[in-house]
Amino acid sequence: MSYSIYKSTVNIPLSHGVVHSFCHNMNCNFMHIFKFVLDFNMKNVTEVTLFVLKGFTDNLELQTIFFFLFLAIYLFTLMGNLGLILVVIRDSQLHKPMYYFLSMLSSVDACYSSVITPNMLVDFTTKNKVISFLGCVAQVFLACSFGTTECFLLAAMAYDRYVAIYNPLLYSVSMSPRVYMPLINASYVAGILHATIHTVATFSLSFCGANEIRRVFCDIPPLLAISYSDTHTNQLLLFYFVGSIELVTILIVLISYGLILLAILKMYSAEGRRKVFSTCGAHLTGVSIYYGTILFMYVRPSSSYASDHDMIVSIFYTIVIPLLNPVIYSLRNKDVKDSMKKMFGKNQVINKVYFHTKK
């Protein structure tokens with residue numbers, strides 16, 4: 001529309017005197033502004049309707065290897081997380097807040113991985129690695145939502161562990177349904193709200209011409225890197241929102257495990273101290289990897305958003321961590337292992353792989 005208006009305007013016969021008077025009085029500022037608007041609107045004609053995902057490599061042999069590798073990871077992720085949920089549902093002895101948190105974490109991890117991995121597997125088998133605009137919007141929203149929810153669930157689980165170890169006699173009272181259910185619901189609500197803010201802010205930007213995302217899935221930093229609009233506000237939103245969520249949840253985790261450490265030191269049983277140290281150490285390792293990669297990806301200068309190293313780092317918090325969480329939080333737990341043996345013990349393959357026992 002702007003271009004047609006411009007053509008109709010410049011085709012009107014204008015006398016030299018009128019033009020000279022106009023430029024003299026206005027210093028031709030209007031024409032410069034109008035030219036800028038015209039150029040902007042002409043560039044907007046090529047609005048992006050799909051995005052190209054860069055992927056790991058164009059080598060067909062490597063793509064085949066990556067396909068089977070990530071397919072195996074995805075299947076084990078689903079089996080581990082969905083298996084844990086099934087165990088918690090079926091075993092009445094696991095109907096406790098701690099295991100409800102674990103089952104919620106497993107559901108988030110299964111969904112988180114399912115948002116990213118299937119599309120990535122399809123890209124390994126096709127030459128054109130593309131995703132539609134709406135598909136990219138959905139992937140950003142869901143990934144951000146599940147990622148944020150996991151941050152809050154990890155903090156809630158750390159607090160739950162503190163209550164269970166510091167004062168086990170009052171655990172059922174301190175973590176009653178009136179306490180743990182709001183914590184779980186608040187985690188999901190926070191994830192949805194946080195994802196909504198960033199999704200709306202990101203896709204309110206203009207994407208013209210450049211549409212190659214240097215990642216294996218749609219994510220906010222690489223989208224900001226290719227946007228035609230000013231992304232300063234988006235970068236501030238990303239820095240302050242993600243930074244605040246990370247800071248609050250990390251503090252809760254550190255304070256909870258710090259108090260757990262004090263409680264451990266008061267234990268008289270050396271064997272009890274060793275078991276709790278081992279379990280808490282594994283938990284902190286998983287939490288550190290997850291929070292560390294999130295901080296690296298989102299709370300940093302925007303000039304390095306398109307780094308190729310980001311592709312590797314993003315795999316950890318979207319694909320590797322959902323695979324490791326069932327092992328870190330569940331298979332090291334005696335109650336969960338006993339329950340899984342009852343349910344899957346007759347299966348010789350599972351019995352040998354997970355429990356290292358012979359029939």
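Cβ atoms here come from the backbone N, Cα and C positions, even for glycine.
These come from Swiss-Prot:
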type	residues	note
CARBOHYD	Asn44	N-linked glycosylation site
TOPO_DOM	1-64	topological domain 'Extracellular'
TOPO_DOM	86-93	topological domain 'Cytoplasmic'
TOPO_DOM	115-138	topological domain 'Extracellular'
TOPO_DOM	160-178	topological domain 'Cytoplasmic'
TOPO_DOM	200-235	topological domain 'Extracellular'
TOPO_DOM	257-276	topological domain 'Cytoplasmic'
TOPO_DOM	298-310	topological domain 'Extracellular'
TOPO_DOM	332-359	topological domain 'Cytoplasmic'
TRANSMEM	65-85	transmembrane segment
TRANSMEM	94-114	transmembrane segment
TRANSMEM	139-159	transmembrane segment
TRANSMEM	179-199	transmembrane segment
TRANSMEM	236-256	transmembrane segment
TRANSMEM	277-297	transmembrane segment
TRANSMEM	311-331	transmembrane segment
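Taking residue pairs at least 6 apart in sequence, the transmembrane segment (139-159) and the transmembrane segment (277-297) share three or more C-beta contacts under 8 angstroms. Taking the topological domain 'Cytoplasmic' (257-276) as a whole, pLDDT averages 78 in the prediction. Beyond the ends of the topological domain 'Extracellular' (115-138), by six or more residues, the same chain brings 48-55, 63-64, 66-67, 70-71, 73-74, 77, 146, 199, 203, 216-218, 223, 318-319 to within a C-beta distance below 8 angstroms of the stretch. For the topological domain 'Cytoplasmic' (86-93), same-chain residues at least 6 beyond its ends with a Cβ under 8 Å from one of its own Cβ atoms are 99-100, 102-103, 335-336, 339-340, 342-343. Packing against the topological domain 'Cytoplasmic' (257-276) from elsewhere in the chain are residues 158, 161-162, 165-166, 283-284: each is 6 or more residues past its ends and has a CB under 8 Å from a CB in it.
Here the topological domain 'Cytoplasmic' (160-178) has long-range neighbours at 97-98, 101, 256-257, 259-260, 263-264, 276, 280, 283, meaning same-chain residues at least 6 beyond its ends whose C-beta is under 8 angstroms from one of its own.
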